[in-house]
Amino acid sequence: MTKWNSLSASLMKRLKLHYQMSNSIPALAQARSFTTSEGHRPAIIHKRSLDILHDPWFNKGTAFTMTERDRLDLRGLLPPNVMSSEQQIERFMVDLKRLEVQARDGPSDPNALAKWRILNRLHDRNETMYYKVLIAHIEEYAPIVYTPTVGLVCQNYSGLFRRPRGMYFSAEDRGEMMSMVYNWPADQVDMIVVTDGSRILGLGDLGVHGIGIAIGKLDLYVAAAGINPQRVLPVMIDVGTNNEKLLKDPLYLGLQQNRLDGDEYLAIIDEFMEAVFTRWPHVIVQFEDFQSKWAFKLLQRYRNTYRMFNDDVQGTAGVAIAGLLGAVRAQGRPMIDFPKQKIVVAGAGSAGIGVLNAARKTMARMLGNNESAFEAARSQFWVVDAQGLITEERENIDQDASPFARKVKEINRQGLREGASLVEVVQQVKPDVLLGLSAVGGLFTKEVLEALKGSTATRPAIFAMSNPTTNAECTPEQAFSILGENVIFASGSPFKDVDFGNGHIGHCNQGNNMYLFPGIGLGTLLSGAPIVSDGMLQAAAECLAAYMTEDEVHEGIIYPSISSIRDITKEIAAAVIMEAIEEDLVEGYRGVDARELRKFSKEQILEFVKNNMWSPEYPTLVYNQD
């Protein structure tokens with residue numbers, strides 16, 4: 001009991017400290033003189049004239065000053081009026097609003113995809129301005145460059161492809177990857193997002209089209225975490241596809257062969273990892289949208305050797321944990337009551353199992369972090385997949401799901417059985433939380449939601465976390481109309497709040513991975529940690545959970561506004577660094593070595609993070625003929 005109390009006190013002390021940091025960051029007294037802020041260093045270039053205007057990394061368009069135009073042989077190649085970046089954005093936004101409808105390829109092309117086309121063209125022309133627009137309008141455009149619109153982009157990528165972005169490693173490149181990585185022009189790469197296209201969002205095998213999700217994720221690393229866009233690399237590993245439509249499509253851009261599997265598949269991923277870490281030893285690799293059969297295996301294979309993590313497994317889990325802790329707070333209970341929550345989970349894929357493992361570890365840590373604590377935590381979950389409730393009687397049970405299979409004696413007492421339907425499980429368990437990670441749109445039917453009325457919680461919580469929007473297990477309107485105003489609702493994709501018409505609002509919390517993965521990546525980068533530990537991931541989730549005020553959670557708001565994403569990322573990155581220091585994993589970054597980083601106060605760590613976040617400002621360009 002003493003150990004349980006001390007652990008809980010440790011957690012609460014950490015969260016209280018976070019509140020103090022987020023609400024009051026005093027000016028640094030005798031602060032260290034940090035390295036020049038990201039994005040304000042002069043850029044050495046080896047090109048002039050039209051070559052600069054055709055390079056999105058350095059092109060400023062009409063914002064080139066007359067001095068720069070003379071220095072870089074641009075005079076006469078641009079209209080004479082020099083415009084500020086603010087004027088450029090204003091002109092672009094006017095054009096965007098006017099062109100949204102015109103950019104559509106017929107009535108079947110939704111407005112969101114039209115916006116993506118226009119933004120993508122800007123990205124192709126002027127990268128700095130693209131990120132300036134994205135950051136300034138992050139609430140509006142995050143759903144365009146990321147979920148849900150990125151799903152449409154991936155489904156139609158062959159038709160949308162105009163110019164290459166990122167790198168493609170295929171089964172045809174076996175034995176060549178070590179030399180191929182040197183084809184990428186950047187000498188320094190900080191962040192790679194890699195996919196094999198086998199499970200894009202909830203849309204299935206999209207083959208080489210999956211590069212769209214890697215590009216979208218890295219756009220958010222730049223916008224939210226301030227990773228320098230010249231040091232990010234989206235990667236597609238094309239090992240074929242089992243999508244019959246793509247195999248027969250004459251316009252498909254990828255390998256038209258069935259997916260490799262087994263040792264052949266592993267050999268290709270091994271070769272890729274060895275190649276990128278040979279050229280860029282300090283890079284961080286985020287695995288994205290790998291099918292469940294490989295997601296866990298690859299995570300376990302590489303996580304103790306390379307700086308890598310899997311966002312579907314670990315990022316989704318962290319965001320869910322933050323939301324689950326927020327739901328406890330919204331019920332008017334302390335977060336240390338989390339181990340008492342009864343949670344029904346719909347979905348046993350990589351995301352579902354990742355959340356289950358993380359939630360179990362969080363509960364167990366609060367209960368004493370020993371074997372009996374892990375067993376007690378296990379008993380708080382009921383997992384339902386396509387075949388129904390998972391129990392020990394399940395034949396050929398997936399090894400990753402087996403720790404959560406209910407014991408026969410337990411389900412008999414509860415009036416349940418192997419394969420019981422979701423409705424039956426919700427009726428009998430009366431859960432505090434109904435968590436959906438099934439990728440099955442509409443799974444939370446009227447009958448399921450009606451059954452949740454019997455919940456023993458004062459404020460039951462529904463997490464319809466599957467992406468994109470069409471795969472959400474239910475909509476907020478459905479949840480609030482059946483369960484009333486008191487329910488807590490969260491989803492993976494964005495929905496509008498529900499107006500009850502009586503002055504009250506039903507808040508639709510978007511439990512999006514973008515709250516966590518930018519901060520995890522940035523914190524790992526700046527700490528110099530050689531691995532991404534469970535403790536660093538847990539610190540990120542706890543930081544996000546504590547970001548909301550008590551008034552906000554009592555109103556049913558358990559995730560912050562996307563508009564605050566850069567501040568959220570800064571806080572999470574600082575929490576990750578502090579945990580890396582606690583675990584003795586820090587190795588330092590640039591001019592700040594590990595010894596100095598360990599001496600930093602919490603305020604200095606926040607300042608260190610802030611000063612290493614790139615901002616989209618046009619750099620001074622210095623021409624060097626060599």
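Glycine too: its Cβ is placed from the backbone N, Cα and C atoms.
Just so you know, TrEMBL annotations never went through curation; they're auto-generated.
The feature domain 'Malic enzyme N-terminal' is assigned by TrEMBL to 123-303.
According to TrEMBL, the feature active site, proton donor maps to Y146. In the shown protein chains, 24 other C-beta atoms lie within 10 A of the C-beta of Y146 (active site, proton donor).
Sequence-distant neighbours of R199 ((S)-malate binding site) (same chain, 6+ apart, CB under 8 A from its CB) are D205, D289, F290, Q291, S292, D312, S350. Feature annotation from TrEMBL assigns (S)-malate binding site to R199, N467, N512.
According to TrEMBL, the active site, proton acceptor annotation covers K217. Residues within less than 8 Å, Cβ to Cβ, of K217 (active site, proton acceptor) and separated from it by at least 6 positions along the same chain comprise Y146, V193, P234, Q286, E288, D311, F517.
Annotation comment: TrEMBL describes E288, D289, D312 as divalent metal cation binding site.
Here TrEMBL flags 313-581 as domain 'Malic enzyme NAD-binding'.
Annotation for N467 ((S)-malate binding site): same-chain Cβ neighbours under 8 Å, separated by at least 6 residues, are T147, P148, G151, L201, G202, A439, G492, S493.
Neighbouring residues of the recorded divalent metal cation site, listed in sequence order and excluding E288, D289, D312, comprise T195, R199, I200, I213, F287, F290, A295, N310, D311 (Cβ within 8 Å of the Cβ centroid). Remark: N512 ((S)-malate binding site) has Y146, T147, V319, G492, S493, P494, Y559, I562 as non-local neighbours, by Cβ distance under 8 Å and separation of at least 6 in sequence.
Around the Cβ of D289 (divalent metal cation binding site), 26 further Cβ atoms fall within 10 Å across all displayed protein chains.
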